[in-house]
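Participant: The structure that follows is given in the form of structure tokens.
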Amino acid sequence: MLQGSNILGHERPLVIRISFTTCVLTTVCLPLLGLIACVLISSVFHFEDSTGTHCQVPNYLPSISASISLSPECHIWRFCIGLHSAPRFLVAFTYFKFYKTRFASKFPESPLSCLNLAFSISENLGLLLLTYVSSSETYFVHKEGFVLFIISSLIYMLITCRLWKAIKKYSLSPEDAKSHHWKVRFLLLNISFLAFAGFFYWKHNMYCESGSYTLFAVFEYLVVFSNMAFHLTAVWDFKSREVMVISSSEDKNF
């Protein structure tokens, strides 16, 4: 929503209002739609290139790394993640401000709020690293970006669930209870999917069994989808909030 007018020759500041729900949905949908598009394009147009394995066993689904390293898939993925990253940093600092206001000098919640911000930022940086350095370009850097993303996201989700457990304890809001309820479940799903993905990846590398890499790809998708679902719970946390951009007509600054 835009607001602004001219009163007696004086321009009022231009105000752009966006509901936080819209901001969160857009932030989550960008990588979701980008990933779906990349996997579909890879499966249809680059099936052999995206599903090939080092031991030449049958594989029927591309891994995420394989599907975002080809062209035009890599450009689609980079475009979506580039647009998605700035709002992610905004959401991270919004949560940090929310926690600091809620917990002030409480221990251990106050220092956990700082750690939560740090791991939220490192999760986003890991995602950017694995996005802009593909596995076909520099595998080691891409792998380190993936490891940073996975470890940071897990710790971030664990800390978030701990903070929301404290919030739920002293809150009468059903939205807070629902948010904590689903955060915990998405975290448990994420850990379960990650364990299965790791198992089938190990099984593929150790025994080169047909279908193991396909199952790894399936659980890899589910790890990412459960991560996205966890972040989507911010819709309940900031349901009535708005993001505002204000332009001053006097100094032309935002």
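Just so you know, glycine gets a Cβ as well, placed from its N, Cα and C.
So TrEMBL lists these for the protein:
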type: DOMAIN; residues: 24-239; note: domain 'CWH43-like N-terminal'
type: TRANSMEM; residues: 20-45; note: transmembrane segment
type: TRANSMEM; residues: 117-134; note: transmembrane segment
type: TRANSMEM; residues: 146-164; note: transmembrane segment
type: TRANSMEM; residues: 184-202; note: transmembrane segment
type: TRANSMEM; residues: 214-236; note: transmembrane segment
Participant: By Cβ distance under 8 Å, which residues at least 6 away from the ends of the transmembrane segment (214-236) in the same chain are close to it?
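Facilitator: Residues 20-21, 24-25, 27-28, 31-32, 35, 39, 59-64, 91, 95, 150, 153, 157, 160, 175-176, 178-179, 182-183, 186-187, 189-190, 193-194, 196-197, 200-201, 204 contact the transmembrane segment (214-236) from elsewhere in the chain.
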Participant: How does the model score the domain 'CWH43-like N-terminal' (24-239) in terms of mean pLDDT?
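Facilitator: A mean pLDDT of 92 is what the model gives the domain 'CWH43-like N-terminal' (24-239).
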